[in-house]
Amino acid sequence: MTSKTLYQKIYDSHVVYEDKNGESILYIDLHLLHEVTSPQAFDALRSKKRKVRQSKKTFATMDHNVSTKIQSISASGSMAKKQMEQLIKNCRDFNIPLYDINNPNQGIVHVIAPEKGMTLPGMTIVCGDSHTSTHGAFGALAFGIGTSEVEHVLATQTLKQKRFKNMKVEIIGKIPKFVTAKDIILFIIGQLGSSSGTGYVIEFCGDVIKNISMEERMTICNMAIEMGAKSGLIAPDEITYKYLKDKIYSPSGLFWEKSLDYWKFLKSDKNAHFDKCITLDISNLAPQITWGTNPDQVISIDEKIPDYNNINSLLKKESAKSACEYMGLKSNTYLTNISIDRVFIGSCTNARIEDLRAASKILKNRKIAKHVKAIVVPGSGSVKRKAEQEGLDKIFIDSGFEWRLPGCSMCLGMNKDRLNFGERCASTSNRNFEGRQGRGGRTH
(Lines of atoms letter the chains of each structure in order from A and count residues from 1; the text may use other names and numbers.)
(Lines give C-alpha, C1' and ligand atoms only; values in the text may rest on other atoms or scores of the structure.)
Protein backbone atom coordinates (compact mmCIF):
# COMPACT_ATOMS: atom_id res chain seq x y z
CA MET A 1 0.00 0.00 0.00
CA THR A 2 1.39 3.41 -1.02
CA SER A 3 2.25 5.77 1.83
CA LYS A 4 0.28 9.02 1.75
CA THR A 5 0.40 12.45 3.34
CA LEU A 6 -2.59 13.80 5.25
CA TYR A 7 -3.40 16.06 2.30
CA GLN A 8 -3.35 13.15 -0.14
CA LYS A 9 -5.62 11.07 2.10
CA ILE A 10 -8.27 13.77 2.34
CA TYR A 11 -8.02 14.73 -1.34
CA ASP A 12 -8.22 11.14 -2.60
CA SER A 13 -11.24 10.34 -0.43
CA HIS A 14 -13.19 13.23 -1.99
CA VAL A 15 -12.44 12.70 -5.69
CA VAL A 16 -15.67 12.24 -7.64
CA TYR A 17 -13.88 12.18 -10.99
CA GLU A 18 -10.32 12.73 -12.17
CA ASP A 19 -9.24 13.14 -15.78
CA LYS A 20 -5.97 12.06 -17.40
CA ASN A 21 -4.51 15.54 -16.86
CA GLY A 22 -4.95 15.30 -13.10
CA GLU A 23 -7.87 17.70 -12.82
CA SER A 24 -10.45 16.49 -10.35
CA ILE A 25 -14.01 17.07 -9.32
CA LEU A 26 -13.90 17.17 -5.51
CA TYR A 27 -16.89 16.64 -3.24
CA ILE A 28 -17.28 19.47 -0.71
CA ASP A 29 -18.43 18.56 2.80
CA LEU A 30 -19.02 22.05 4.17
CA HIS A 31 -19.70 25.34 2.40
CA LEU A 32 -19.52 28.54 4.46
CA LEU A 33 -21.00 31.83 3.27
CA HIS A 34 -20.94 35.50 4.26
CA GLU A 35 -22.56 38.65 2.91
CA VAL A 36 -19.77 39.96 0.67
CA THR A 37 -18.83 37.17 -1.78
CA SER A 38 -22.18 35.36 -2.05
CA PRO A 39 -24.78 37.74 -3.61
CA GLN A 40 -23.61 37.33 -7.23
CA ALA A 41 -23.50 33.55 -6.81
CA PHE A 42 -27.15 33.44 -5.74
CA ASP A 43 -28.11 35.80 -8.57
CA ALA A 44 -26.51 33.35 -11.01
CA LEU A 45 -28.45 30.44 -9.50
CA ARG A 46 -31.71 32.31 -9.98
CA SER A 47 -30.92 33.28 -13.57
CA LYS A 48 -30.24 29.63 -14.40
CA LYS A 49 -33.21 28.40 -12.32
CA ARG A 50 -30.98 26.16 -10.21
CA LYS A 51 -31.38 25.06 -6.60
CA VAL A 52 -28.81 24.70 -3.83
CA ARG A 53 -27.70 21.08 -4.00
CA GLN A 54 -27.04 20.54 -0.27
CA SER A 55 -28.52 23.33 1.85
CA LYS A 56 -27.87 21.31 5.02
CA LYS A 57 -24.14 21.38 4.28
CA THR A 58 -24.20 25.14 3.78
CA PHE A 59 -24.06 27.75 6.56
CA ALA A 60 -24.05 31.53 6.41
CA THR A 61 -23.20 34.39 8.73
CA MET A 62 -22.89 38.16 8.65
CA ASP A 63 -19.40 39.28 9.60
CA HIS A 64 -17.45 41.46 7.14
CA ASN A 65 -19.79 44.46 7.04
CA VAL A 66 -21.56 44.34 10.39
CA SER A 67 -21.35 47.22 12.83
CA THR A 68 -19.56 46.38 16.05
CA LYS A 69 -21.15 49.38 17.79
CA ILE A 70 -24.85 48.95 17.06
CA GLN A 71 -26.83 45.78 16.40
CA SER A 72 -28.36 47.00 13.15
CA ILE A 73 -27.82 46.17 9.49
CA SER A 74 -28.25 49.88 8.72
CA ALA A 75 -25.27 50.99 10.81
CA SER A 76 -22.48 50.30 8.29
CA GLY A 77 -23.77 52.20 5.27
CA SER A 78 -26.15 51.59 2.37
CA MET A 79 -23.97 49.09 0.47
CA ALA A 80 -23.39 46.98 3.58
CA LYS A 81 -27.10 47.08 4.39
CA LYS A 82 -27.96 45.94 0.86
CA GLN A 83 -25.53 43.00 1.08
CA MET A 84 -26.90 41.90 4.44
CA GLU A 85 -30.50 42.21 3.26
CA GLN A 86 -29.60 40.14 0.22
CA LEU A 87 -28.01 37.45 2.40
CA ILE A 88 -31.18 37.25 4.51
CA LYS A 89 -33.30 36.85 1.37
CA ASN A 90 -30.96 34.34 -0.24
CA CYS A 91 -30.78 32.15 2.84
CA ARG A 92 -34.56 32.27 3.25
CA ASP A 93 -35.24 31.47 -0.42
CA PHE A 94 -32.73 28.61 -0.56
CA ASN A 95 -33.35 27.25 2.96
CA ILE A 96 -29.81 27.89 4.26
CA PRO A 97 -29.15 28.34 8.01
CA LEU A 98 -28.10 31.93 8.74
CA TYR A 99 -26.36 33.39 11.78
CA ASP A 100 -27.58 36.97 11.33
CA ILE A 101 -26.93 39.86 13.72
CA ASN A 102 -29.97 38.90 15.81
CA ASN A 103 -28.62 35.40 16.38
CA PRO A 104 -26.81 35.18 19.75
CA ASN A 105 -24.10 33.04 18.12
CA GLN A 106 -23.40 35.34 15.15
CA GLY A 107 -19.78 36.10 14.50
CA ILE A 108 -16.82 35.71 12.18
CA VAL A 109 -17.35 32.72 9.90
CA HIS A 110 -13.98 31.14 10.76
CA VAL A 111 -14.70 31.47 14.47
CA ILE A 112 -18.27 30.19 14.68
CA ALA A 113 -17.87 27.14 12.42
CA PRO A 114 -15.16 25.53 14.60
CA GLU A 115 -16.76 26.51 17.92
CA LYS A 116 -20.06 24.94 16.87
CA GLY A 117 -18.47 21.72 15.66
CA MET A 118 -19.29 22.28 11.99
CA THR A 119 -15.58 21.92 11.20
CA LEU A 120 -14.49 18.29 11.53
CA PRO A 121 -11.34 16.31 10.67
CA GLY A 122 -11.15 14.89 7.16
CA MET A 123 -13.63 17.33 5.69
CA THR A 124 -13.28 19.43 2.58
CA ILE A 125 -14.36 22.98 3.46
CA VAL A 126 -14.67 26.05 1.24
CA CYS A 127 -15.73 29.65 1.70
CA GLY A 128 -15.49 32.80 -0.38
CA ASP A 129 -12.80 34.11 1.95
CA SER A 130 -8.99 33.85 1.90
CA HIS A 131 -8.62 32.74 5.50
CA THR A 132 -10.68 29.58 5.15
CA SER A 133 -7.35 27.83 5.73
CA THR A 134 -8.10 28.37 9.46
CA HIS A 135 -10.13 25.14 9.50
CA GLY A 136 -7.06 23.14 8.50
CA ALA A 137 -6.17 23.15 12.20
CA PHE A 138 -8.66 20.29 12.56
CA GLY A 139 -7.14 18.16 9.82
CA ALA A 140 -9.64 19.44 7.25
CA LEU A 141 -8.72 20.45 3.71
CA ALA A 142 -10.01 24.02 3.74
CA PHE A 143 -9.41 26.84 1.29
CA GLY A 144 -10.89 30.06 -0.04
CA ILE A 145 -12.76 30.24 -3.34
CA GLY A 146 -13.99 32.94 -5.73
CA THR A 147 -17.59 33.99 -6.34
CA SER A 148 -18.00 31.86 -9.49
CA GLU A 149 -16.79 28.88 -7.49
CA VAL A 150 -19.24 29.74 -4.71
CA GLU A 151 -21.99 29.43 -7.31
CA HIS A 152 -20.62 26.09 -8.53
CA VAL A 153 -20.49 24.61 -5.02
CA LEU A 154 -24.00 25.86 -4.23
CA ALA A 155 -25.30 24.20 -7.39
CA THR A 156 -23.34 20.93 -7.36
CA GLN A 157 -21.66 20.48 -3.94
CA THR A 158 -18.47 19.86 -5.91
CA LEU A 159 -15.52 21.88 -7.15
CA LYS A 160 -13.01 21.51 -9.96
CA GLN A 161 -9.50 21.29 -8.52
CA LYS A 162 -5.97 20.24 -9.33
CA ARG A 163 -3.53 18.51 -7.02
CA PHE A 164 -1.11 20.79 -5.23
CA LYS A 165 2.39 20.01 -4.07
CA ASN A 166 2.85 19.15 -0.41
CA MET A 167 5.18 20.92 2.03
CA LYS A 168 5.99 19.86 5.59
CA VAL A 169 6.94 22.56 8.08
CA GLU A 170 8.17 21.06 11.33
CA ILE A 171 8.38 23.37 14.35
CA ILE A 172 10.66 22.23 17.16
CA GLY A 173 12.00 23.61 20.44
CA LYS A 174 10.49 24.93 23.65
CA ILE A 175 8.13 27.90 23.32
CA PRO A 176 9.74 30.89 25.09
CA LYS A 177 7.82 33.01 27.58
CA PHE A 178 5.53 35.63 26.00
CA VAL A 179 5.74 33.92 22.58
CA THR A 180 2.36 33.05 21.07
CA ALA A 181 1.11 31.11 18.06
CA LYS A 182 0.88 34.43 16.20
CA ASP A 183 4.59 35.00 16.82
CA ILE A 184 5.35 31.50 15.56
CA ILE A 185 3.49 31.87 12.27
CA LEU A 186 4.89 35.38 11.69
CA PHE A 187 8.37 33.95 12.27
CA ILE A 188 7.70 31.15 9.77
CA ILE A 189 6.48 33.66 7.17
CA GLY A 190 9.44 35.93 7.85
CA GLN A 191 11.92 33.09 7.44
CA LEU A 192 10.37 31.50 4.35
CA GLY A 193 8.75 34.46 2.59
CA SER A 194 5.24 35.49 1.59
CA SER A 195 5.37 33.45 -1.64
CA SER A 196 7.13 30.38 -0.23
CA GLY A 197 3.92 28.37 -0.08
CA THR A 198 2.71 29.16 -3.59
CA GLY A 199 1.55 25.94 -5.25
CA TYR A 200 1.61 24.01 -1.96
CA VAL A 201 -0.62 22.69 0.77
CA ILE A 202 1.41 23.01 3.97
CA GLU A 203 1.27 20.53 6.83
CA PHE A 204 2.47 21.98 10.13
CA CYS A 205 3.87 19.43 12.56
CA GLY A 206 6.49 18.88 15.25
CA ASP A 207 6.60 18.97 19.04
CA VAL A 208 5.53 22.61 19.21
CA ILE A 209 2.40 21.97 17.17
CA LYS A 210 1.54 18.88 19.21
CA ASN A 211 1.61 20.88 22.44
CA ILE A 212 -0.46 23.93 21.55
CA SER A 213 -4.22 24.35 21.84
CA MET A 214 -6.78 24.19 19.03
CA GLU A 215 -7.20 27.96 19.12
CA GLU A 216 -3.45 28.42 18.70
CA ARG A 217 -3.44 25.90 15.85
CA MET A 218 -6.21 27.87 14.16
CA THR A 219 -4.05 31.00 14.32
CA ILE A 220 -1.21 29.19 12.56
CA CYS A 221 -3.37 27.66 9.82
CA ASN A 222 -5.24 30.94 9.39
CA MET A 223 -2.06 32.61 8.15
CA ALA A 224 -0.86 29.80 5.87
CA ILE A 225 -2.44 31.83 3.08
CA GLU A 226 0.00 34.66 3.92
CA MET A 227 2.78 32.33 2.72
CA GLY A 228 0.93 31.97 -0.56
CA ALA A 229 -0.23 28.44 0.31
CA LYS A 230 -3.47 26.90 -0.90
CA SER A 231 -4.16 25.66 2.60
CA GLY A 232 -2.61 24.73 5.93
CA LEU A 233 -3.09 21.40 7.70
CA ILE A 234 -2.49 19.98 11.16
CA ALA A 235 -3.22 16.32 11.87
CA PRO A 236 -6.02 15.76 14.41
CA ASP A 237 -5.12 14.29 17.80
CA GLU A 238 -6.44 14.01 21.37
CA ILE A 239 -6.42 17.81 21.71
CA THR A 240 -8.66 18.02 18.63
CA TYR A 241 -11.04 15.34 19.87
CA LYS A 242 -11.38 16.99 23.29
CA TYR A 243 -12.17 20.34 21.66
CA LEU A 244 -14.86 18.81 19.42
CA LYS A 245 -16.54 16.64 22.04
CA ASP A 246 -20.17 17.66 22.67
CA LYS A 247 -20.17 20.57 20.21
CA ILE A 248 -23.60 21.26 18.67
CA TYR A 249 -22.74 19.84 15.23
CA SER A 250 -20.16 17.25 16.34
CA PRO A 251 -21.10 13.58 16.02
CA SER A 252 -22.52 11.98 19.15
CA GLY A 253 -23.06 8.51 20.59
CA LEU A 254 -22.09 5.68 18.25
CA PHE A 255 -21.36 8.19 15.47
CA TRP A 256 -18.76 9.84 17.72
CA GLU A 257 -16.96 6.52 18.24
CA LYS A 258 -17.02 5.73 14.53
CA SER A 259 -15.77 9.21 13.72
CA LEU A 260 -12.87 8.81 16.16
CA ASP A 261 -11.85 5.59 14.44
CA TYR A 262 -11.68 7.42 11.11
CA TRP A 263 -10.02 10.55 12.48
CA LYS A 264 -7.16 8.51 13.93
CA PHE A 265 -6.32 7.44 10.37
CA LEU A 266 -5.92 11.09 9.36
CA LYS A 267 -2.19 11.60 9.65
CA SER A 268 0.69 11.44 7.22
CA ASP A 269 2.17 7.97 6.91
CA LYS A 270 5.70 7.51 8.21
CA ASN A 271 7.28 7.18 4.77
CA ALA A 272 4.97 9.57 2.94
CA HIS A 273 6.67 11.80 0.37
CA PHE A 274 6.63 15.59 0.75
CA ASP A 275 7.83 17.82 -2.08
CA LYS A 276 9.56 20.07 0.43
CA CYS A 277 10.47 19.64 4.11
CA ILE A 278 11.52 22.47 6.42
CA THR A 279 12.42 22.41 10.12
CA LEU A 280 12.50 25.55 12.25
CA ASP A 281 13.61 25.83 15.89
CA ILE A 282 11.78 28.48 17.94
CA SER A 283 13.66 27.98 21.22
CA ASN A 284 15.16 31.48 21.06
CA LEU A 285 12.23 33.23 19.44
CA ALA A 286 11.11 36.64 20.73
CA PRO A 287 7.69 38.23 20.11
CA GLN A 288 7.30 39.25 16.46
CA ILE A 289 5.93 42.40 14.85
CA THR A 290 5.62 43.50 11.23
CA TRP A 291 7.27 46.75 10.18
CA GLY A 292 6.30 46.82 6.50
CA THR A 293 3.36 46.25 4.20
CA ASN A 294 3.33 42.48 3.82
CA PRO A 295 3.52 39.80 6.52
CA ASP A 296 7.07 38.67 5.71
CA GLN A 297 8.42 42.12 6.56
CA VAL A 298 8.63 41.12 10.20
CA ILE A 299 11.19 41.39 13.01
CA SER A 300 11.54 40.48 16.66
CA ILE A 301 10.33 43.18 19.03
CA ASP A 302 13.93 43.79 20.15
CA GLU A 303 15.35 44.12 16.61
CA LYS A 304 15.87 47.18 14.44
CA ILE A 305 14.03 47.79 11.19
CA PRO A 306 16.38 46.41 8.52
CA ASP A 307 18.39 48.70 6.27
CA TYR A 308 16.98 48.16 2.78
CA ASN A 309 20.29 49.33 1.28
CA ASN A 310 21.81 46.06 2.51
CA ILE A 311 19.23 43.86 0.79
CA ASN A 312 20.74 42.06 -2.22
CA SER A 313 17.53 41.31 -4.09
CA LEU A 314 16.50 44.37 -6.12
CA LEU A 315 12.82 43.43 -5.86
CA LYS A 316 12.98 43.00 -2.07
CA LYS A 317 15.05 46.18 -1.71
CA GLU A 318 12.47 48.25 -3.60
CA SER A 319 9.65 46.60 -1.64
CA ALA A 320 11.35 47.40 1.68
CA LYS A 321 12.06 50.99 0.63
CA SER A 322 8.47 51.50 -0.47
CA ALA A 323 7.19 49.92 2.76
CA CYS A 324 9.31 52.24 4.92
CA GLU A 325 8.04 55.26 3.02
CA TYR A 326 4.40 54.21 3.34
CA MET A 327 4.76 53.29 7.01
CA GLY A 328 6.64 56.49 7.84
CA LEU A 329 9.60 54.55 9.26
CA LYS A 330 13.38 54.70 8.96
CA SER A 331 15.87 51.85 8.73
CA ASN A 332 17.90 50.91 11.81
CA THR A 333 15.29 52.17 14.29
CA TYR A 334 13.35 50.24 16.94
CA LEU A 335 9.59 49.88 16.67
CA THR A 336 9.41 50.11 20.46
CA ASN A 337 10.29 53.80 20.05
CA ILE A 338 7.42 54.44 17.63
CA SER A 339 4.16 55.89 18.95
CA ILE A 340 0.86 54.28 17.92
CA ASP A 341 -2.60 55.82 17.54
CA ARG A 342 -4.86 52.77 17.60
CA VAL A 343 -5.02 49.21 18.92
CA PHE A 344 -7.24 46.49 17.48
CA ILE A 345 -7.76 43.13 19.18
CA GLY A 346 -9.92 40.90 17.00
CA SER A 347 -10.20 39.14 13.58
CA CYS A 348 -10.42 35.47 12.60
CA THR A 349 -6.76 35.20 13.59
CA ASN A 350 -6.97 36.33 17.21
CA ALA A 351 -10.51 36.96 18.52
CA ARG A 352 -11.13 33.74 20.42
CA ILE A 353 -11.44 33.37 24.17
CA GLU A 354 -7.80 32.37 24.73
CA ASP A 355 -6.68 35.49 22.84
CA LEU A 356 -8.87 37.72 24.99
CA ARG A 357 -7.67 36.05 28.17
CA ALA A 358 -4.04 36.61 27.18
CA ALA A 359 -4.61 40.28 26.34
CA SER A 360 -6.63 40.96 29.49
CA LYS A 361 -3.91 39.41 31.63
CA ILE A 362 -1.45 42.01 30.32
CA LEU A 363 -3.93 44.89 30.68
CA LYS A 364 -5.18 44.10 34.18
CA ASN A 365 -4.59 47.05 36.53
CA ARG A 366 -3.02 49.05 33.69
CA LYS A 367 -4.20 52.01 31.59
CA ILE A 368 -3.53 52.65 27.92
CA ALA A 369 -2.09 56.02 26.86
CA LYS A 370 -4.74 58.75 26.71
CA HIS A 371 -4.12 59.50 23.03
CA VAL A 372 -4.60 55.85 21.95
CA LYS A 373 -8.00 54.63 20.77
CA ALA A 374 -8.37 50.90 21.34
CA ILE A 375 -11.10 48.36 20.65
CA VAL A 376 -11.69 44.69 21.42
CA VAL A 377 -13.98 42.81 19.05
CA PRO A 378 -14.86 39.24 20.13
CA GLY A 379 -14.98 36.72 17.29
CA SER A 380 -18.50 35.56 18.06
CA GLY A 381 -21.45 36.00 20.39
CA SER A 382 -20.32 32.86 22.21
CA VAL A 383 -16.84 34.29 22.77
CA LYS A 384 -18.33 37.58 23.94
CA ARG A 385 -20.60 35.91 26.51
CA LYS A 386 -17.80 33.70 27.80
CA ALA A 387 -15.48 36.69 28.19
CA GLU A 388 -18.17 38.63 30.04
CA GLN A 389 -18.82 35.70 32.35
CA GLU A 390 -15.11 35.74 33.22
CA GLY A 391 -15.10 39.51 33.71
CA LEU A 392 -12.68 40.15 30.86
CA ASP A 393 -14.85 42.92 29.43
CA LYS A 394 -14.46 44.91 32.64
CA ILE A 395 -10.66 44.56 32.50
CA PHE A 396 -10.60 45.87 28.93
CA ILE A 397 -12.99 48.74 29.68
CA ASP A 398 -11.13 49.72 32.86
CA SER A 399 -7.86 49.87 30.91
CA GLY A 400 -9.35 52.20 28.31
CA PHE A 401 -10.52 49.83 25.56
CA GLU A 402 -13.97 49.82 23.94
CA TRP A 403 -15.80 46.49 24.26
CA ARG A 404 -17.59 45.81 20.97
CA LEU A 405 -20.06 43.46 19.29
CA PRO A 406 -18.77 40.51 17.17
CA GLY A 407 -17.62 41.01 13.59
CA CYS A 408 -14.61 41.28 11.27
CA SER A 409 -14.33 44.94 12.27
CA MET A 410 -10.99 46.64 11.77
CA CYS A 411 -9.34 43.70 10.01
CA LEU A 412 -10.50 45.28 6.76
CA GLY A 413 -11.98 48.60 5.73
CA MET A 414 -15.44 47.32 4.74
CA ASN A 415 -17.29 48.66 7.78
CA LYS A 416 -17.16 51.76 9.97
CA ASP A 417 -14.19 50.46 12.01
CA ARG A 418 -11.23 51.84 10.09
CA LEU A 419 -8.11 53.94 10.45
CA ASN A 420 -7.92 57.57 9.44
CA PHE A 421 -5.24 58.58 6.96
CA GLY A 422 -1.78 58.29 8.51
CA GLU A 423 -2.91 56.60 11.73
CA ARG A 424 -0.71 53.81 13.05
CA CYS A 425 -2.33 50.69 14.51
CA ALA A 426 -1.06 47.72 16.51
CA SER A 427 -3.38 44.99 15.28
CA THR A 428 -3.95 41.28 15.93
CA SER A 429 -5.31 40.83 12.40
CA ASN A 430 -3.61 38.86 9.63
CA ARG A 431 -2.72 41.41 6.95
CA ASN A 432 -0.70 44.61 7.03
CA PHE A 433 -1.25 45.60 3.38
CA GLU A 434 -1.41 49.26 2.35
CA GLY A 435 -4.89 50.60 3.09
CA ARG A 436 -6.12 47.31 4.53
CA GLN A 437 -7.52 48.98 7.66
CA GLY A 438 -8.44 52.23 5.94
CA ARG A 439 -6.99 54.49 3.26
CA GLY A 440 -3.51 55.60 4.30
CA GLY A 441 -3.65 53.53 7.48
CA ARG A 442 -0.46 51.93 8.82
CA THR A 443 -0.81 48.46 10.28
CA HIS A 444 1.61 46.53 12.52
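Any Cβ shown, glycine's included, is placed from N, Cα and C.
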Among Cys348, Cys425 - the residue Swiss-Prot places in the same [4Fe-4S] cluster site as Cys408, Cys411: Cys348
Assigned conformation of Cys411 ([4Fe-4S] cluster binding site) - DSSP reduced to three states: helix
Those residues of the chain, 6+ apart, with a Cβ under 8 Å from that of Cys348 ([4Fe-4S] cluster binding site): Ile108, Val109, His110, Val111, His131, Thr134, Asn222, Gly379, Cys408, Cys411, Asn430
